[in-house]
Structure formats: structure tokens, C-alpha cells
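Asks: Here it is, the structure, as C-alpha cells.
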Amino acid sequence: MGLVCSRSRRFREADAEENAQDAEIERRIELETKAEKHIQKLLLLGAGESGKSTIFKQIKLLFQTGFDEAELKSYIPVVHANVYQTIKVLHDGSKELAQNDFDSSKYVISNENQDIGEKLSEIGGRLDYPRLTKELAQEIETLWEDAAIQETYARGNELQVPDCAHYFMENLERLSDANYVPTKEDVLYARVRTTGVVEIQFSPVGENKRSGEVYRLFDVGGQRNERRKWIHLFEGVTAVIFCAAISEYDQTLYEDENKNRMMETKELFEWVLRQPCFEKTSFMLFLNKFDIFEKKVLNVPLNVCEWFKDYQPVSTGKQEIEHAYEFVKKKFEELYFQSTAPDCVDRVFKIYQATALDQKLVKKTFKLVDETLRRRNLFEAGLL
């Protein structure tokens, strides 16, 4: 009898302990659910090379603790890979232009640099790149300074030359140092394709200020044909931040050299706007890479792009830059309203001029985004 009572008591104690654990789990879930309600979710979208991942890194630098030494060092192979990839694109591009261009002679690499060029092109085509040594950096610098390579670089928009090319080529000595640790600028310029989903949580006014919203920012990678698989997972996000590289109106895609990048951006923006899961979602459009755009538009007319074929230049210099930018901005505004259902026209839509590499501008822009979304929340709560 005593044994039975003892067992019964143990079972009751076990049940009580289990019930207490269940209650604690439920309490934590409830607390986390409440906490989640106060987090505004933002989704970063954009076509390849739009600069959205650079925006993501800027947010980490601006509103979090930035990159620690281990994270900075993890970018060493990325930076070195960018260097090798860049010099290969330029070398191979010069050979192609030397064979096919009308004025082909200026794209012929000098005899003394041809062997160096072949060697570096072979390295750039590998799956695994060697660490950048002083010797290799000197050879890359020699080839970079070759007149044919400089002529080729001037036509970089035709050859998939990355935006980071000039920056890394001008810093080869530092990048090849045996004790090299990437700077935050190196990390911002470094180009690596986003795969999967990465996220960070931040507040533009600091975590300790009660008035500040807390945001969770998602950067999503993936090929064009994979978008339909994951887009619905972000139903209910507070806002979509769509990055459009306005400087790329004369360039083609990496994955499809017959497809203009601006046309790809137009089609992606239109597709995202029409998604049912974003019917009540705010849209923040970042017209990115303005720093490149303002230089390019004075030399390459906007109307080389099919979408901008009705563009007519009106002036030169700063006035022409402003005119061209306003034209592009209006095109995106028209596309937004054409692609937005009548019952969704009251959702928030804002356009911001952006340069992802300009930290002060990114900080200012995100303060404006924060202010816009906080006002929307107050309005929906009936407090405005």
C-alpha cells in the first residue's frame, strides 16, 4: 500500500512539474508574441546589383554594433575574389573588343603585359582564389594601368565590370598586405551574391529610446525563377523597401546579357506591386546609385533604355542631371499607380534618392522611413 501511495505521489509531483513547465512555455510564447507585435518587419527587394545588400550592411554599421574583427576578416577572401574577378573581366573584355571593335587597336594589351594578363585571367577563372600577395597585386596593378585595360574600363557598362572595380584597383597595395583586415568601406564595396534570407533587428533612434520603433530587416537572395516560392512567406510585413539602381539603364543582366537591367527592375517592381500578400503593405522605393547616375547621364542618354525612349534632354550639367532624375522618378510613380489596385491606392508610397555607399545619406533616409512608418501607425491607431 505504501509503495502504491509513493508511486501515486511521484506521478502527481511529475504531473505538477510538467504542468508548471507547460505554463512557463505558454507564458514565454505569449510574451514573445506580444514583443513581436511591436516589431515592424521590413523586406528588402530589388534586382541583381541593385545595391540592396549594401543598404543592409549600412544598417548593420549605422544602427547595430557594426562588424567585429572576426566578421571583417571573413571578408578577406570576398575582397580578393572581387579583385581577381574584376581584372579577369577587364582582360577578357579587352581581347573581345580588340577582335570585334571598329577601332580595335586601342584595346590590344601591350606585348610586355600579355603574359601577365593571361596568368591573371586564368586565376580569375578558378573556383578557389589564392590570397592576394604583394607580387600578384603588383602584376594586377601593372595590367590595370595598361592603356588597353583603361580603354576597356571606360566601356565597363558593356562588360559586366562591377561597381567596386576602381575602388579595389586603387587600393591594391593595402589589400595585399600580409596583415590586411578589411575596413568598413571595403566591406561595403565587397560584392557577394545573397543566398537565402538574412535578417537584422535595429532601431533608427536607438534601442533605449521608447519613442523609437524596432525594425526587423530581411534581405532575400535567390534567382529570378525562385521568387514565387518565397514571396508569400512575407505576407504582413510593414513595408517593402525596393531598391532600383537607376544608373544601370544602359547595362544588361549577369544571367541574361540580352536583358536590360532597368527593364528587369521595372518588371520586378510591377510584379511585386501586384502580389496579393502586399495589398496593405507600404512601399519605400530607393532610387539607388545616384552617384553613378549623375556622372553617367551626362554622357549616356537615358533613351538608350526602351522604358525611357521618350526622354528628351533639355540642358547640360546639373540642370540636366536633375531633369533626368525627375523623369526616372516620374516613370516609377506612373508604374506604381498603374500596378496598384483601386482599393490599395491609400497605402503608403514614398520615393527616396539613394546612394548606398553614402553612410550619411542612408542614415538620413532611414530616419525619414522611420518617421513615415511611425506616422502611419499613429494614423491607423486613430491618434492622428
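Don't overthink the numbers, they just go from 1 along the chain as shown.
Yeah, the Cβs are placed from backbone N, Cα and C, and that goes for glycine too.
According to Swiss-Prot, the protein carries these features:
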LIPID     G2  N-myristoyl glycine
LIPID     C5  S-palmitoyl cysteine
DOMAIN    38-384  domain 'G-alpha'
REGION    41-54  region 'G1 motif'
BINDING   49-54, D163, 188-189, T194, G222, 288-289, D291, A356  GTP binding site
REGION    186-194  region 'G2 motif'
REGION    215-224  region 'G3 motif'
REGION    284-291  region 'G4 motif'
REGION    354-359  region 'G5 motif'
Asks: Which stretch from 41-54, 186-194, 284-291 shares the most C-beta pairs under 8 Å with the region 'G5 motif' (354-359)?
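Replies: So the stretch in question is 284-291.
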Asks: Given a 10 Å Cβ-Cβ cut-off, pick out the one of the binding-site residues E49, D163 that has the most other Cβ atoms nearby.
Replies: E49
Asks: So, in DSSP terms, is S53 (GTP binding site) helix, strand, or coil?
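Replies: The three-state answer is helix.
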Asks: For S53 (GTP binding site), what is the tally of other C-beta atoms lying within 10 angstroms of its C-beta?
Replies: 22
Asks: According to DSSP, does Y189 (GTP binding site) fall in a helix, a strand, or coil?
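Replies: DSSP call for Y189 (GTP binding site): helix.
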